[in-house]
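Features of the protein shown, as given by Swiss-Prot:
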COILED    842-1939  coiled coil
COMPBIAS  1826-1837  compositional bias 'Basic and acidic residues'
COMPBIAS  1925-1939  compositional bias 'Basic and acidic residues'
DOMAIN    783-812  domain 'IQ'
MOD_RES   TYR1261  phosphotyrosine
MOD_RES   TYR1310  phosphotyrosine
REGION    657-679  region 'Actin-binding'
REGION    759-773  region 'Actin-binding'
REGION    1826-1849  region 'Disordered'
REGION    1909-1939  region 'Disordered'
Amino acid sequence: MTDAQMADFGAAAQYLRKSEKERLEAQTRPFDIRTECFVPDDKEEFVKAKILSREGGKVIAETENGKTVTVKEDQVLQQNPPKFDKIEDMAMLTFLHEPAVLFNLKERYAAWMIYTYSGLFCVTVNPYKWLPVYNAEVVAAYRGKKRSEAPPHIFSISDNAYQYMLTDRENQSILITGESGAGKTVNTKRVIQYFASIAAIGDRGKKDNANANKGTLEDQIIQANPALEAFGNAKTVRNDNSSRFGKFIRIHFGATGKLASADIETYLLEKSRVIFQLKAERNYHIFYQILSNKKPELLDMLLVTNNPYDYAFVSQGEVSVASIDDSEELMATDSAFDVLGFTSEEKAGVYKLTGAIMHYGNMKFKQKQREEQAEPDGTEDADKSAYLMGLNSADLLKGLCHPRVKVGNEYVTKGQSVQQVYYSIGALAKAVYEKMFNWMVTRINATLETKQPRQYFIGVLDIAGFEIFDFNSFEQLCINFTNEKLQQFFNHHMFVLEQEEYKKEGIEWTFIDFGMDLQACIDLIEKPMGIMSILEEECMFPKATDMTFKAKLYDNHLGKSNNFQKPRNIKGKQEAHFSLIHYAGTVDYNILGWLEKNKDPLNETVVALYQKSSLKLMATLFSSYATADTGDSGKSKGGKKKGSSFQTVSALHRENLNKLMTNLRTTHPHFVRCIIPNERKAPGVMDNPLVMHQLRCNGVLEGIRICRKGFPNRILYGDFRQRYRILNPVAIPEGQFIDSRKGTEKLLSSLDIDHNQYKFGHTKVFFKAGLLGLLEEMRDERLSRIITRMQAQARGQLMRIEFKKIVERRDALLVIQWNIRAFMGVKNWPWMKLYFKIKPLLKSAETEKEMATMKEEFGRIKETLEKSEARRKELEEKMVSLLQEKNDLQLQVQAEQDNLNDAEERCDQLIKNKIQLEAKVKEMNERLEDEEEMNAELTAKKRKLEDECSELKKDIDDLELTLAKVEKEKHATENKVKNLTEEMAGLDEIIAKLTKEKKALQEAHQQALDDLQVEEDKVNSLSKSKVKLEQQVDDLEGSLEQEKKVRMDLERAKRKLEGDLKLTQESIMDLENDKLQLEEKLKKKEFDINQQNSKIEDEQVLALQLQKKLKENQARIEELEEELEAERTARAKVEKLRSDLSRELEEISERLEEAGGATSVQIEMNKKREAEFQKMRRDLEEATLQHEATAAALRKKHADSVAELGEQIDNLQRVKQKLEKEKSEFKLELDDVTSNMEQIIKAKANLEKVSRTLEDQANEYRVKLEEAQRSLNDFTTQRAKLQTENGELARQLEEKEALISQLTRGKLSYTQQMEDLKRQLEEEGKAKNALAHALQSARHDCDLLREQYEEETEAKAELQRVLSKANSEVAQWRTKYETDAIQRTEELEEAKKKLAQRLQDAEEAVEAVNAKCSSLEKTKHRLQNEIEDLMVDVERSNAAAAALDKKQRNFDKILAEWKQKYEESQSELESSQKEARSLSTELFKLKNAYEESLEHLETFKRENKNLQEEISDLTEQLGEGGKNVHELEKVRKQLEVEKLELQSALEEAEASLEHEEGKILRAQLEFNQIKAEIERKLAEKDEEMEQAKRNHQRVVDSLQTSLDAETRSRNEVLRVKKKMEGDLNEMEIQLSHANRMAAEAQKQVKSLQSLLKDTQIQLDDAVRANDDLKENIAIVERRNNLLQAELEELRAVVEQTERSRKLAEQELIETSERVQLLHSQNTSLINQKKKMESDLTQLQSEVEEAVQECRNAEEKAKKAITDAAMMAEELKKEQDTSAHLERMKKNMEQTIKDLQHRLDEAEQIALKGGKKQLQKLEARVRELEGELEAEQKRNAESVKGMRKSERRIKELTYQTEEDKKNLLRLQDLVDKLQLKVKAYKRQAEEAEEQANTNLSKFRKVQHELDEAEERADIAESQVNKLRAKSRDIGAKQKMHDEE
């Protein structure tokens, strides 16, 4: 805009845009783009600098402060050239980066230009001062301006939203966001001001609203803001007028854009501010406005003073604000109430409740003595507040101190402490203020609601900005959460939806992730188990506190969510309990009192008093609040329940916020970003780090980037074509129908713009930023040029008319002057004087004769005039009828245009669907490629697995030798499995057959459809040929030779195309061979897959058998272990006996030592006893050794069997895994092969479709070629006719010239006669009179001829113009047909390789046409018969298609059943995965237990060593026993008793062995039963497998059984381990028993020593006993060795278990990985299969429908083309006739010119005769009398010529009648065409271009028809004129003859 245009903004211009001079100075400042840059700075973020040098990736620069810095090269950012200084749209910056945006805003802010565009949204910086940019002058200047036509402003954003609402018919919203103190409220007020100014309702509405002491609606909308600000705004740390509530103002408009109504929604009033403020803040403005003493009557009414410090609720912070005048604001608030229609009672109620809240804060309470209850400490303030609220003061105090609480069904009076009372007062004050505020909003909405119709709205959102204070509580969390949601909405709209729009429209676009997703923080707050959810949960628990809430927050989110952190508490600051990372920064929150704030409880006793208040407003506020009393009564009376009062603050806020977001999503948003320049509220100062932080958080840079990279402007194709066609009308011709998209493409490609700045979508054209503005400028410039040209032409035409009048005046004056001069020259002649004297006296007979002749001539002229009038009336009637027919045709054309538009819309819809389907196909192809890659990987794995499988087969052969015992069971189960596999194979074969049948049916279906299409094509072509033959029989008779020539040309083209056809057939054969090869490969793959499946099933059976064997061995091991335990118990008993005996032996040895000198008798007795004792001991030792040997053998056997079975299981598991992998790979290969086959089938179908389309095109080209040939023939015939007519006209012209020469000679003879009659005065007088009369008549005739000449010249010019136009059209038609023929031949040459066969068919059709010319009726009947046959075939094919559809549905049902079974197997697979995970945990437990067992083993080793040492000590003691033989006698009796006991113990051991054997037998029986049960279960499982009929189920079952076996084996190992630990414990007990027995034996030896002294006789026996004891020692040593062997075996077993555990862990990991892999593959394959099946079916159906409709439309379009060609032929005929008439006209004009020339010569001769002529006339009168007879003869000849000319005129009239007949024929043809076009209405969807060309041709024909009618009218008028002229000439000739 220039300075003159900026003058419209008045004083605001300098704050919106700098002057041209200042801008020019700024742009011409010195600037070096290579050195000017930005460098980072610690304090200022970025500073301007100049580059001094560059060294090794470092840059040395000098800042503008003179400081030299060295930075990395990638940290240096270029400055923009000076032309971009203070640019209004930052998206236009050359170098877009953070410092460029920052300094642009900073420089504009320094110049007080606070508004700046940033791509699609606007950025505004708070100026902290008043600027004159919002007055009415600025509003008027911005009204109706485009964004690019005016400087940035909030008014421009508002006007754009208003215009979008009117043009797009869509609701709009303006989101004004920013941090607290950024200026949101001011901008909101300006937006409302703008809408109220520009869209005000009419005068009637204003008068109506002005009634009842109210303002107009726009005034009420504006005044709602100060009323709400007084009660909802307050001073905060960052803002003196901060909105402490959010509001969404909806301004409703009518259909014409007039203001209709408005409403306001509010969110989250900060009610805690009513009772508490920080030091630097203050309460809501209304309190201080009331206390300003501007209205003293208010202070008296409210019983308050004007000192705020007298009231605790309003004096906790500051009480005054420098920038706010409370007294003036009070008057504004009061007047706003009046404008909004508040009654005086309502105003008084609002003020009273506000004053009562102030008194509430002054109420004092104290604690009763010796009680915790509170009592009032004075009642003055309570009395005041109760008075203002309409309550009883005593009831109020009682309700506060002793509220009634419902306990069960009874009410109890509860005592309150002082703290509780104060809290209750605060809660009541907050509730009263909040409800009063909400009531005010409702009341204002009721005022703003009008009954006028409303259609659209513009919403303005002003909500509390992001807040980070020193003390952040629950209110700050809610506010910040709201801002987080709004920022997320902005990000989603700007970055996600914008890019999704590009994808949806098919524009090539790479998705850009701007990293602006805030969903994590939002989920942390609002999702289940988020902060709000935990707060709600804690509010429901009665014993919950703030600390429990904190603990739950920490447990659920600390360390788990990145946005939740633990704060760092700093001394001197408020305590914080948790921190949240918001988009605008990290905020520390204090949770004290959150539970109470969320629940917001009220004293129900006081609330009940409120409901009964005498103040109407107070009772209204709490009428809907449900207390315990009202809740009970409500149940019986049907009143409102208490549920609403239980809704928490957080839940209510989230509900309102969700409603707001829903409303915003339904509108078109416009964003305004408000920025805080500094924290000090200093005008003109910008804090770079603060502003930079806000820009980063608000996504300003990202918004600019996507605006630059993306396409922010988009227009529908139809709208763009309609609006911008004026830029180049030639690109989109007026008479043609062109698709909107194609027209847009042509238009844009023809314009001189950057073609990379726009993209074409499916439905819209997309523009980069700035291009649409450039197009608008081009359009405005074009309009101005067009209007200027029109004005110039109009002025020129007016001046030409004026000039013509001036020339006419000049010519008239010249004629008058010439006549006067001639008269003056002859008036003094004697003869003239005599003539003047004699003329009045002469009354001769000549005059009478002349009068008679004149009368006769008048009669003739009158008759001709009547005839011409009758002829004219007839022609006028015909013209009226023709005009009527023309109008009818135009109406029909308009209807057809509407139908074509509908067809175009349907075609656009089909194109959209096609594009969507193509996208789906592309996606499916990508998935197919991924599957092929996976297939390649799986084939590689398959090869590896095959190698491993060969190795495993060898291992299996080795294992089969060890499994001879279970071979019988194996064979039995194998037979069963074989049966199952055979059945499964049978099922697979059935499925394969079904698939083959399905494919065959599909192919048959496709073939049937193709045949049907071919037959339909034949029917259509035959019907077309029939119509053509019926219409062109007459034409074909005269053009047989032309057709023969065309046929020869086509035959040559046919021979060319036949070779190409052979090539295409060979390629098709190659494709079919490839198809057969692929089918064979597919069959081989299926056979391999079946073989692999059978192998897998065999391996699975083998694994099951091995698992059964393992179970049996494990059961057997358990039985052996039980036997081993029994043996151990028996051995323990024997050991106990042995220890007793050894103890007795020691006692005997001691006694023997004491009785050393015993007798030999005693010695012998001792020997006998010793021998018996030794025998018993040997028996016992042998029994124990035998038991130990058997136990060791069993253990070893068990360990070996366990190891072997474990290895077998491992091998089988590996084999099974490999086979499963192979199976999955084969399945994937099978799927790939099937997909390839489907693709090949699709490709073949597409090729067939392409061939059919090309054949159709060849037919069309052939038809067009024939039409072009016929038109050329017509041109040649017309040319010959015109030549003959031209010759005839030339002959006529020569005759007319001869006639004119005769007339001239007659005139000369007359003049000679007059010279001869000089003497005869009377004759001379007669001659003079005759000459005078002739002069007058000649002059009259001259005038008439001049007029006729002018008319004829004009008509000639018109006819020449028409003729030139016709000639140009003929040339255009000729060139068009020639170029079309050339193009068509070129296209035929290009497509000849595919169209030979169709061309041959076309040639045959041509020959058939030539043959049918003679026998048309026979052909007609034959065609009808063929059509009937074809209809029968169509019905058959339809029946076949229906049967195929039925089979397809059955197959789909089978497929659905298989899918269901597969999903069941998937669920079982998931359960097996869970069990595998539980097994892994058990493995870890086993590992720990194993480590503990190793520790126990070490302890056992140490104890074993101790036992060996003790045994050596015992042997030494027994060696000394020989001295104690005497004492052995005493012990003998005891030993016998002990022997008996030992025998009984042995018997018990034998009994226990028998018992254990019985247990073994029972266990074997149970094992057999279990085995039978397992077999039965296996049989049931087999039956289930038979029912399942699927391969995946077997894989999952095998995995499940293997996992179960693993769990059981691990459990068995664990149990064995536990048993071993028990054995070791028992061994420890036995060792302790042995020690104890050794001690007792020592005592016995001491006692026996005394006996040995008495039995020295038995010393020899004692010696033998000593030897026996040595043998016992050897036996003990052997036992020790056995124990060591057992320990070693235990070690081996532990090692074996460890190996098996590791193998099991590895297998478990592999199994889990494979299970996960299979699960993921299965799920992905299932999803892909479902999608592909659904997409495939949809695609097939839609493609078939589209192809069918396309073919039908093409056929109909071809018919329309032929009809249009016929019309073109008729048009050419009409043009020939018009050309003929034009030539006739030229000839007539030439004759008229010659006649006029000769007439002029005669007049000159007559005028210049004078005296000489009179003398000559007198001399030659006699000569002329002689020549008169000859002249009469010549006159007779001229009469004959006249008759000839009349005959020619009759011929011309006949020719015009023929033209009329041609017109009627053309009209009939048009009528037929209209009928055909009506029949083609619904079938022209895929024939847009052809239909468009047809329509354009039709319009041209219609236009030419009109021109032909005009030319016919002109020709008729010319014929009439020629007749009139001929009559005049004949009359004159007769006159001359008579004279």
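Here the Cβ of each residue, glycine as well, is placed from N, Cα and C on the backbone.
Long-range Cβ contacts of the domain 'IQ' (783-812) within its own chain (Cβ-Cβ under 8 Å, at least 6 residues beyond either end) map to 726. For the region 'Actin-binding' (759-773), same-chain residues at least 6 beyond its ends with a Cβ under 8 Å from one of its own Cβ atoms are 89, 91-92, 119, 146-148, 502, 504-508, 707-708, 710-717, 720, 741, 744-745, 748, 753, 908, 911-912, 915.
Proximity of distant same-chain residues to the region 'Actin-binding' (657-679), defined by a Cβ-Cβ separation under 8 Å and at least 6 residues beyond the stretch ends, is recorded for 105, 109, 118, 120-126, 128, 154, 157, 160-161, 164, 168, 170-179, 181-184, 187, 238, 248, 265, 267, 459, 461, 465, 481-482, 485, 489-490, 493-494, 685-687, 690-691, 694-695, 698, 700. Note on the domain 'IQ' (783-812): DSSP counts are 30 helix, 0 strand, 0 coil. On the 0 to 100 pLDDT scale, the domain 'IQ' (783-812) averages 93 in this prediction. The region 'Actin-binding' (759-773): residue composition by secondary structure is 3 helix, 6 strand, 6 coil, according to DSSP. With DSSP classes pooled into helix, strand and coil, the tally for the region 'Actin-binding' (657-679) is 9 helix, 8 strand, 6 coil.
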